[in-house]
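Here Swiss-Prot flags 13-20, 79-83, 133-136 as GTP binding site, drawing on sequence analysis. Among the features that Swiss-Prot reports, domain 'tr-type G' is placed at 4-225. Among the features that Swiss-Prot reports, region 'G1' is placed at 13-20, with the record citing similarity to another entry. Marked as region 'G2' by Swiss-Prot on the basis of similarity to another entry: 38-42. What Swiss-Prot records for 79-82 is region 'G3'. Annotated region 'G4' per Swiss-Prot: 133-136, in sequence order.
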């Protein structure tokens, strides 16, 4: 037998857009309108029952004709906003998160981390709603505590509504540049094609009712009922955080999305070494609010916890467990090997170790590692190795090997991890770049900028080893010496000439340029249009092998000619390309 759980909701967005305040306001709604004795608190998340939403948003529920039509029990809001929590809410083939709220500052639009959040939500295929927050900052807006937006907008002066429309219009434009078709939620005709924008104020509570009702509508429209069904049996979940608790030792904050977790259960989860077993000693949940007499006494031990829930697990063997790891409870000891295999398969899909060319990636959790690798692949950046934890000596070695295949892959991308000083020093001495940071898109942008610089430098080095094509004509009346070396005045008709290049006439080599002079001074090269004097070393006499008015070409070895034509053609000027083609034609005569 199975029951339907509440969908998990994650709040995301740029720093200072009001994510935490919005969550606080939503939680406050739950506390104020909950049924007596109802547990709304979990470890790491908060339950907002639908009954509380109906009470809070009563008139709007009736206006939108939603009363009696919502079958979800409520919402489970993840308490930690941001991309790290969203990334760790991972499971094989997708995300544990069922819904996301992308919070945007209505006064400043879509900002850097907002774009990052948007891309992350899209990459996991999670339905989302946009909260256009800070509605109370619209000039002239008249606020009323907790009023639904649809009622509030009807009570505003025209200039406040005009400003709001302008801000929403700009936001819609910004979103369209990222491939998102969005509109104010009451104007959306097809929720399968458009993303709803709900104007909100986390300060006054305006629009919170609308946001919760739109979330309910989106969840029922886009989340299959089977996804929210919780089965009887051992628990499945994901580790959100692992930490040391005084008096308890290492504990794990876990979100359960299926089954039941009991005291004494064997758990299979993951460390950097692979699958790891642990045995539950204690399960900790927050006390119901009405039982919290003492602020220091917020928690209670329980015998079992049913999904969906957030629970603190005290267990022997949690040392080294990594956030973002899958968690499988085992009731039958014979199932432990099977659970270990499932965990091993799941984390091996995230961790990458190959001999292919690509960058090295390091991240703080399995969840963020998976998100980064997914994003890099979408951007066409191959990954040679990806793992959890700080960069190591082995990573530097791998980056050096990868660089041999392609210089732009001689790099380590480190997300939210600190590089040990000795590894940093080794990377520097090996010429390996480490790009570190806490914002994925900044790391990526820095990598793209660096790789372009490396590509340019590499091409410059290659081109400097190639002989550039050139075409010259011996100027009549400017023979200064006939031989040993011959010194003549020439005009560069196309391309470039430099000391050291060999000259060719009618496909035959006639000698090598020793020196180039212009107005009595030695120069390193002469380009098309220049008239210069050159000395030619070799078995050449002016009047025999070469004559005044002759056309000579710079000798370009066959392999280099092929490189110019098929690999580096775009780096030749038009006159150089023409000179090369004429030279090759003269060789075929």
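Count begins at 1; order follows the chain as displayed.
Glycine too: its Cβ is placed from the backbone N, Cα and C atoms.
Mapped onto this structure are the features recorded in Swiss-Prot.
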| residue | record | DSSP class |
| --- | --- | --- |
| 13 | GTP binding site | strand |
| 19 | GTP binding site | helix |
| 80 | GTP binding site | coil |
| 135 | GTP binding site | helix |
Residue 135 (GTP binding site) CB neighbourhood, other CB atoms within 10 A: 26
In the chain carrying residue 83 (GTP binding site), residues 6 or more apart in sequence that have Cβ under 8 angstroms from it: 12, 113, 116, 117, 120, 368, 371, 440
Count of other CB atoms lying within 10 Å of the CB belonging to residue 19 (GTP binding site): 24
Overall pLDDT for the region 'G1' (13-20), taken as the rounded mean: 83
Residue 80 (GTP binding site): tally of other CB atoms within 10 A of its CB: 18
Site of maximum Cβ density within 10 Å, from binding-site residues 13, 16: 13
